[in-house]
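**Student:** First the structure, then my questions, so here it is.
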Amino acid sequence: MTQVSTPVRTRFAPSPTGFIHLGNIRSALYPWAFARATGGTFVLRIEDTDVERSSQAAVDVIVEGMKWLGLDHDEGPFFQMQRMARYKEVLAQLVARGQVYPCYMSMTELDALRERQMANKEKPRYDGTWRPEPGKVLPAVPEGVQPVLRFRTPQGGSVIWDDKVKGRIEISNDELDDLVIARPDGTPTYNFCVVVDDIDMAITHVIRGDDHVNNTPRQIHIFRALGQEPPVYAHLPTVLNEQGEKMSKRHGAKPVTQYREEGFLADAVVNYLARLGWSHGDDEIFSRAQLIEWFNLDHLGKSAGQYDEAKLRWVNSQHMKLCDNGVLAGLVAEQFARRELLVPVDERLARMCALFKDRCSTTVELADWLSMYFVPIQASEQDLAAHVTDAVRPALQTLRDKLAALASWDKASISLCIKETIATHALKMPLLAVPVRVLVTGRAQTPSVDAVLELFQQEIVLKRLQSV
């Protein structure tokens, strides 16, 4: 079990530059679950410094996706663009301490340096031309050039941290060049802003994708330059798509909210995503409450998780079986609304859900089944020819007459009518039940025919049986 000595504070810090997919949202789920499991605080931070690509629409999609999945944040959303004055204040502190310095090297010079290094089979990196050192003569400052500010990365030694997923990581400082932390216009860069945010928001645990591992040693140096110890890091392996590629919009990933439209339950998606990189023994199906009870960082997986839609559909089907029928009724009504069909969310719809949900893996499939109750049906010619034969028509007429005479439309009365008809015509149950299903529901296979008929309005059943 993960031991924590101070109140846990985690964060999800997406960039609003496009829709959010399952691979992204897992980086929200785990810090949310860890905060909830430890009684901590979950912070939402929007890293919107890429002004050209960021949009309010993308922010709205992030918030909507998190809201649907129930990943509620305790603080935020905080926007980096609204914190620029704070970043510049902290940057001035580093300047005053001599921990950053101006660099006037042009992009042309940097490109030429990089080409020389690559030609010599060296790692491309800034060579410290403008880094002040005792006794070093710096180049003449070019006229009319605004410098970037670079951070003085410690020389010699290494950066070490105990990653909660990857274990002990050590990176030599000689591998790191002097990071640009402010652009020529004075705007702070990503790695600097992140550290200031994490300090100001008192983040104790950073749980994020392993594409950030290379940023971590740089951020640790900035933390320590500001007199702070870094948080605990947990770098999550990549989520792969079904083709084994990194999940991304380019490779066909869907927006999180599309899963809602396709009939997946939020709790099922949370369950599936949690298992895509974390485990609690052999438990495959669990509730949100169980996830919170069980979640810790010690059982995060070290290998990439691969998305499998068939498995997600199976998980969803299990959650549908467990789902409250009244809740399902509301979700099915939303599916009907997308088809421009207004269906009341009432006890009758809940009973329909109870009867048919075990046959379905999504609420879209459940709405497909239940549409027989609300719109005209059309049985296939094949089913009509196979089951509604001349031999059974007299029995169908007898059953219709008995059903028409019922004063009480309930399962027991309908069942009695069916049994009496079978006895009168010396039939076996399937020889009557299947043609009734075909005529009334449009399908040859359904749950128990008396239970199915009970949920119809009596006059609709009589009208559909009249077609014989």
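FYI, residue positions are counted from 1 along the chain as it appears here.
Placement of Cβ uses the backbone N, Cα and C atoms for every residue, glycine included.
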**Student:** According to Swiss-Prot, which listed range is motif ''KMSKS' region': 226-230, 246-250, 316-320, 446-450?
**Tutor:** 246-250
**Student:** From the ranges 14-24, 146-156, 168-178, 278-288, pick the one that Swiss-Prot records as motif ''HIGH' region'.
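**Tutor:** Among 14-24, 146-156, 168-178, 278-288, the range Swiss-Prot annotates as motif ''HIGH' region' is 14-24.
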**Student:** Could you tell me what the rest of the chain brings near the motif ''KMSKS' region' (246-250), counting residues at least six beyond its ends with Cβ under 8 Å?
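**Tutor:** Hits for the motif ''KMSKS' region' (246-250): 18-19, 21-23, 238-240, 307.
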**Student:** Against which stretches of its own chain does the motif ''HIGH' region' (14-24) lie, if we need a Cβ under 8 Å and a gap of at least six residues from its ends?
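**Tutor:** For the motif ''HIGH' region' (14-24), the nonlocal Cβ contacts are 46-48, 50, 53-56, 58-59, 61-62, 65, 209, 238-239, 246-249, 253-256, 259, 269, 273, 276, 307.
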**Student:** Could you tally the C-beta atoms, other than its own, that fall within 10 angstroms of the C-beta of Lys249 (ATP binding site)?
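**Tutor:** Total other Cβ atoms inside 10 Å, all chains included: 13.
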**Student:** Could you give the mean pLDDT over the motif ''HIGH' region' (14-24), rounded to a whole number?
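**Tutor:** 90, rounded to a whole number.
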